[in-house]
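First the structure, then my questions, so here it is.
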Amino acid sequence: MSKKERNFISKDATIEEIRSDKGFLGHPKGVGALAFGNFFNSAAWGAFYAIMIFYLYTPYTHGLGFPEGTAAQMITAMGACNGLFVIMGSWLADRVLGMRKSLIIGNIVKGTGFLLLAIPPVSLIQGRIFAIIALFLLALPIMGASNASLTGQLYSKQDNGRRDAAFTIHQFANTIAGIITPIIVGQIGMSNFHIGFGIAAFFAFLYGAVIFITQHKFFGYLGENPVKPLPKGALKKIGLRAFVITVIVGVLIFGLIYGKLIGLQGFLNVITSATFIIPILFLTNLFKQTDLTDADRRHMKPFMKLFCAQILIALGGTLLTSAIAIFIDQKINREILGFEIAPGSVPTIYTVLGLIIAPIFVYLWTNTKAQNIPIVKKYACGIFTTSVAFGVLTIPTIFLAGSAPYSMWWLVIYYVFMALSDQLVWPIGSSMVSKLAPDAYETQMQTAWGQTAAISNGIALVLFNFFKTPDQQVYLFPIMAVVLLLTVIYLLVNAKKIEAEMN
């Protein structure tokens with residue numbers, strides 16, 4: 001076999017041949033394509049989050065002039081909608097498009113949304129920015145959790161070590177991207193936000209391109225077709241209903257806002273309610289599927305226990321792009337050697353730490369006895385480090401409250417513990433879902449897991465109603481530390497029982 005032939009997988013390759021392939025760091029080549037996709041995806045999101053909240057509360061004309069609390073709520077609401085709409089994307093991947101088409105089309109739509117944000121508005125009309133954000137939100141409904149699901153399909157259910165390592169590779173790719181974009185876009189954003197949004201669009205289009213180019217070479221038939229396609233004729237009916245519902249909802253929202261019957265806060269309250277109602281309905285529908293086996297239903301018990309814990313982890317991530325971002329801008333001394341670091345560039349410290357730590361965990365899960373540590377204990381360890389991270393921020397903000405602006409070192413220590421936590425909770429959680437998911441519902445189970453982000457955003461929206469200013473938001477740090485610690489205690493006490501339910 002020539003070198004060129006070894007570099008590609010035939011479209012007619014069997015699943016066993018694809019899964020036994022070790023062409024990318026000991027993993028199937030498809031993992032490499034998906035890792036690059038994750039890199040571009042994180043670069044796009046990193047560019048967006050490096051500037052968006054500051055764009056919202058920077059005074060007009062450079063920004064949009066919203067209060068800090070409102071800006072935090074708007075970012076959180078956007079995250080909530082992303083989390084909710086991902087249900088639609090996973091359904092499309094499972095029933096209509098297939099995972100690969102979902103990734104390609106979703107990134108085209110996402111890139112278009114970022115591109116619209118890159119266009120400077122001609123006037124500061126509130127509805128204009130809402131329309132732009134709405135277009136941006138169209139990305140995730142198509143992509144769903146297809147990347148994680150397609151990664152899971154590249155391994156057998158018993159290949160726990162390599163699968164854990166694959167998701168850690170994805171985390172590593174995300175981390176590399178997170179180093180590049182906050183530095184570049186954060187500094188650019190101090191003078192021109194719209195260039196930063198253009199960079200985000202560029203990376204989104206690259207993600208779609210890498211999947212399009214490699215789909216047949218690296219994946220064979222995996223992800224090409226829907227796992228559980230709709231019956232003939234059903235697609236037209238569902239499409240028509242979806243179109244009618246979309247038009248009705250759009251007209252209703254426009255009418256309420258135009259008629260001043262609902263304002264920004266009322267709209268945010270609607271989103272808050274949806275973040276709890278929709279995931280509950282989605283999970284209920286998933287658990288009621290008649291084709292689930294008894295083993296599948298038994299696996300739902302440990303899934304739900306870790307699902308609840310993941311909500312708290314996701315809440316910590318939500319605060320990173322809202323309350324923590326404002327904290328960096330308002331409360332941290334960012335001047336080094338006479339040079340002021342842009343607030344959007346500071347999180348680069350976090351991602352550099354993640355870049356250093358991630359290879360260590362890839363090695364641990366692949367080549368040492370650490371891969372045999374029970375999933376629940378790995379996961380509990382990650383939650384504990386998150387608790388410690390928020391405990392670190394509690395020291396200056398609560399016990400040394402009058403000394404702001406605070407030293408950057410407090411933030412660095414916080415980032416160290418968060419980077420450690422990321423390598424435990426996120427890859428291990430995704431791998432656990434892949435292990436427990438029924439074959440026909442792989443994407444929807446990953447989507448259900450992703451709903452923790454939507455619920456956490458809903459919780460954050462409620463919290464920001466009470467913690468509106470930067471001085472009030474620092475009290476979230478000790479609250480998070482205590483709640484996370486209680487969660488760790490619960491998981492460790494029940495670890496053996498949960499592991500037994502998983503197996």
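Going from the start of the chain as shown, residues are counted 1 onward.
Cβ from N, Cα, C; glycine included.
Not my notes, these are from TrEMBL:
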type	residues	note
TRANSMEM	39-58	transmembrane segment
TRANSMEM	70-92	transmembrane segment
TRANSMEM	104-123	transmembrane segment
TRANSMEM	129-150	transmembrane segment
TRANSMEM	195-213	transmembrane segment
TRANSMEM	238-258	transmembrane segment
TRANSMEM	264-287	transmembrane segment
TRANSMEM	348-367	transmembrane segment
TRANSMEM	379-402	transmembrane segment
TRANSMEM	408-428	transmembrane segment
TRANSMEM	448-467	transmembrane segment
TRANSMEM	473-493	transmembrane segment
Can you tell me which recorded stretch out of 39-58, 70-92, 348-367, 473-493 has the most Cβ pairs within less than 8 Å of the transmembrane segment (195-213)?
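Per the Cβ count, the answer is 39-58.
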Look at every Cβ pair spanning the transmembrane segment (379-402) and the transmembrane segment (473-493), keep those 6 or more apart in sequence, and say whether at least 3 of them are under 8 Å.
yes
Counting Cβ pairs closer than 8 Å, which of 264-287, 348-367, 408-428, 473-493 has the most of them with the transmembrane segment (448-467)?
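It is 264-287 that shares the most Cβ pairs under 8 Å with the transmembrane segment (448-467).
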Sort out the residues at least 6 away from either end of the transmembrane segment (348-367), same chain, that have Cβ-Cβ distances under 8 Å to it, and list them.
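Those are 26, 161-162, 164-165, 168-169, 171-172, 174-176, 178-179, 182-183, 186, 411-412, 415-416, 418-420, 422-424, 427, in sequence order.
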Other than its close neighbours in sequence, what residues sit by the transmembrane segment (473-493), given a CB gap under 8 Å and a spacing of at least six beyond its ends?
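Sequence-remote neighbours of the transmembrane segment (473-493) are 72, 305, 309, 312, 315-316, 319, 323, 326-327, 331, 376-377, 379-380, 383-384, 386-388, 390-391, 393-394, 397-398, 401, 463-464, 467.
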In the same chain, who gets a Cβ under 8 Å from the transmembrane segment (264-287) while lying at least 6 residues past its ends?
70, 73-74, 77, 80-81, 83-84, 87, 126, 253, 256-257, 297, 300, 441, 444-445, 447-448, 451, 454-455, 457-458, 461-462
